[in-house]
Amino acid sequence: MTKTYHFIGIKGSGMSALALMLHQMGHKVQGSDVDKYYFTQRGLEQAGISILPFDEKNIQPDFEIIAGNAFRPDNNVEIAYADANGISYKRYHEFLGSFMRDFVSLGVAGAHGKTSTTGILSHVLSNITDTSYLIGDGTGRGSANAKYFVFESDEYERHFMPYHPEYSIITNIDFDHPDYFTSLEDVFNAFNDYAKQITKGLFIYGEDEQLRRITSNAPIYYYGFKEEGNDFVAHDLLRSTSGSGFKVSFRGQELGEFQIPSFGRHNIMNATAVIGLLYTAGLDLNLVREHLKTFGGVKRRFTEKIVNETVIIDDFAHHPTEIIATLDAARQKYPSKEIVAIFQPHTFTRTIALLDEFAEALNQADSVYLAQIYGSAREVDKGDVKVEDLAEKIVKRAKVIDVDNVSPLLDHDNAVYVFMGAGDIQTYEYSFERLLSNLTSNVQ
């Protein structure tokens, strides 16, 4: 039966992916959001999905309404109208929990790496068999005939608790979202509760001491680099400027060699988790091996472009662990170039909680530039932290730049520029691209 879905906050990464998925399954889909451009909206526009301004007229009693988790009656006219008129709606995670019951569902959770890992799993499985998927970069695919559903499982505010997947990967546990979680133990408890809802197989990075404490009713398979204590082991790594090669064994049995066109040790682990899950679920490893080779990455995860012979990398990294992984990947691919990091802290609460860790991570770059902190709609700037506080803690001299003047970035020869952040760091990137293009056009 065809339905009409209305998404309140359709540009959200998960929301846009779900909208695309339902659209491809033959449903009528529309949504509302702010006017400001966000990288997910291009896919919606290409699919012909209407993006409307917030307006109570968008809410109709016969629509199936899916609301983004950040919207409430006091900050959104559509939610307020629905509440006042008794029109029901589901939150994103509530809808998803019901939706996945019609499939064999495979979740990917973790503090870091879940979008990339979901992307790898979706790419490989959808090339083997009909698969629906929902990736946190705003990408979604829907098929009513699909047996499998791959999805990203988000821990923020325990949104993954409505999910009961057959299989799940957990990439790591780390302290993040300090506006919600009170401690690392609070984060662990959330993941441990989620783990108990897995029914057939849980795949855990075995070298994470927090993950080693996880318990589940489903069998637990550990993956990692070390042979001791892990079921799936990646070994004989060959990291080059064209990608990464490695072998995988399962409890002493060799499963063969694998290649991915990706960089950084973290991506080898992500791929190993996918190999372990699909092997356990009974998929043909030769097909897994074949399709790993063609994984092209996900949006805003080490996305590269060249402007005026200058390499620019765009990455969503907004936590110290993610910054370290991104810079490691850049050094693998560009070992002879200077690594210039341009980082925008995301949320005041995270910046305060992890200030020292951010400084330590950014010290892995050769040069560092900082953009002003991007505050979340969920918080108020109380003046407790400024980006200059982070700059002072970075051992290598860090400069604060303005989006209207990124010319200091030109002071580097033979450099790779790595723009990182979850806010509007892309506006700085675009300013730099325009500057580079103007330099070319002004040459006589």
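The backbone N, Cα and C atoms fix where each Cβ goes, glycine too.
For reference, Swiss-Prot has these:
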BINDING   G110, A111, H112, G113, K114, T115, S116  ATP binding site
Of H112, K114 (the binding-site residues), the residue whose Cβ has the fewest other Cβ atoms within 10 Å: H112
Among G110, G113 [binding-site residues], residue with fewest other Cβ within 10 Å: G113
Per-residue Cβ crowding (10 Å cut-off), top of binding-site residues T115, S116: S116
